[in-house]
Amino acid sequence: MEAGAHWDRVVEPAAREKRRRWLFHPSASQLPAAGSGLCEWVSARIWQIFYSGTPVATIWIRERRMSVGTLYDLVVIGGGPAGVTAACLAQKMGKRAACVETAVSLGAAASTSVRCVPTKSMCYNTHLFDMFRVRAGGVEYEFQLTAGADLLRGPAKIEGPHEVRTADGVVRAEYVIVCTGSDSVDLPFLKFDHRVVLNSTSCMELKTTPKTLGIIGAGAIGLELGSVWSRLGTRVTLLEALPHVGSEACDPELAGELQRHLECKGVTFTLGVKVVAADGETHSVDFEKVLVSVGRRAQTVSLGLDAIGVQVDRKMCVVTDPSTSRSVTCDWVYAAGDCAPGPAIAHKATYESIRAVRAMFAGEVSEDAVTVLESLPCVVYTQPELAWAGRTEDELCASGEDVEVHRLRFNGDMRDTLCPRLEGLAKVVVNRKTRRLRSVWLLGATAGDIVAEAVTAIRGGLTVDQWGNVPHAHPFYKSLHTMLVLGIEGW
């Protein structure tokens with residue numbers, strides 16, 4: 001829990017079940033000093049400015065101690081965005097569901113303490129205070145686990161067919177969804193000690209600003225945290241094996257543009273190199289701290305999946321059928337989020353958990369699952385933001401598709417007056433024959449918001465004409481949308 005806040009537990013005496021209400025209060029008397037940690041310090045400043053005396057979040061949960069042999073329709077292992085969504089949806093469909101989780105926070109609130117929200121909040125920079133002001137205005141998280149799904153505290157392990165051992169004993173389930181999240185991957189010669197060699201979580205828990213920070217891996221995590229520490233005065237160097245920043249799924253052209261933006265702000269990049277040791281002979285660089293961000297591995301090792309024949313890949317993800325999220329080797333085990341193949345992003349996790357529950361209890365099969373996953377929005381929350389939906393032009397051409405590419409540099413919308421950082425680059429890939437939109441790539445402030453519209457257009461199979469005829473309220477990027485479409489030849 002962040003310093004500068006406390007949780008008040010209120011037990012509702014009239015409740016038939018054991019329900020706990022946790023009220024999150026940013027207490028002014030407990031606000032940390034500026035040197036007590038990056039996240040804590042930012043939180044303290046936000047509370048000092050915007051705290052109005054009302055709880056920021058209200059979380060209702062229902063906890064039970066279950067008897068041995070309790071039978072469920074669904075047991076969800078993991079209480080993150082995917083797990084809570086799956087449990088709630090199953091309950092709405094009239095099924096008996098339980099969610100097994102060790103952490104205090106659940107669902108959307110779980111990402112406010114590690115990974116997603118702290119990192120993204122810092123990356124928003126000038127938008128930071130506005131974003132937290134909205135959150136501090138009485139927003140509530142009220143989890144629907146109170147509607148009937150059970151929360152079982154503690155670890156879980158699958159012990160046999162349809163059997164899951166929890167802290168209270170063994171429960172039985174017709175189906176099990178694995179969505180326990182993932183851990184940062186270290187290197188053989190750079191093990192995490194969380195003092196000098198950091199992962200994405202401990203990097204946000206530093207007590208002081210390091211003079212120098214070396215980041216191994218220039219993917220989304222490395223870029224986001226690198227830009228954060230650079231703005232705080234740290235000399236940041238990113239080392240990447242690929243010839244461009246981002247990931248293999250990222251468009252090299254826009255990745256290069258983002259790199260140039262960050263270099264202008266003092267971030268140093270060394271690309272096309274592979275770190276082979278902590279003190280290499282060929283070329284060595286000294287850093288006060290080192291962040292290793294070379295990937296993530298699913299937290300499935302201790303779940304007992306091998307005992308029931310569940311196949312996993314090299315990242316310990318459950319190998320699933322994309323149309324149902326079901327294990328390809330065990331028909332009563334499903335996986336979602338970081339425990340399923342694909343990018344480790346929360347909105348993918350939620351989508352997969354919904355698809356899994358509907359497949360189990362309604363027999364639905366998502367015929368367009370591959371298309372949906374290909375059009376998932378991906379955002380790197382640097383300043384400027386890099387966002388995309390769809391496949392790169394090289395991937396589309398390699399699959400035999402005839403495409404044309406259109407580019408646009410933008411900086412002239414009225415919104416620039418309010419937000420001068422809107423200068424950026426847009427790239428649109430269109431099927432030459434059908435005129436359907438195939439992918440959109442954006443670099444600029446709030447690119448992550450703009451790309452959401454492209455996701456709808458790509459998944460809906462819209463042509464350029466159909467997309468271009470959608471009116472936009474002025475000045476909500478009307479000019480950007482119009483210029484994008486007018487720049488496409490033949491429209």
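Heads up, the Cβ atoms here are built off N, Cα and C, so glycines get one too.
Annotations in TrEMBL come from automatic prediction, not curation.
Binding of NAD(+) is attributed by TrEMBL to GLY217, ALA218, GLY219, ALA220, ILE221, GLY222, LEU223, GLU224, GLY295, and the same site annotation extends, among GLU205, GLU240, GLU288, to GLU240.
Highest local Cβ density among the binding-site residues THR180, SER182 belongs to THR180, counted as other Cβ atoms within 10 Å over all protein chains shown.
Note: the NAD(+) site is recorded as GLY217, ALA218, GLY219, ALA220, ILE221, GLY222, LEU223, GLU224, GLU240, GLY295; in the same chain, ILE215, GLY226, LEU238, VAL245, GLY246, SER247, SER293 also have Cβ atoms within 8 Å of that site's Cβ centroid. ILE221 (NAD(+) binding site) carries a helical DSSP state (H, G or I). Of all the binding-site residues listed (ILE221, LEU223), ILE221 has the fewest other CB atoms within 10 A of its CB. Remark: secondary structure over the domain 'Pyridine nucleotide-disulphide oxidoreductase dimerisation' (377-478) totals 32 helix, 35 strand, 35 coil, with classes taken from DSSP.
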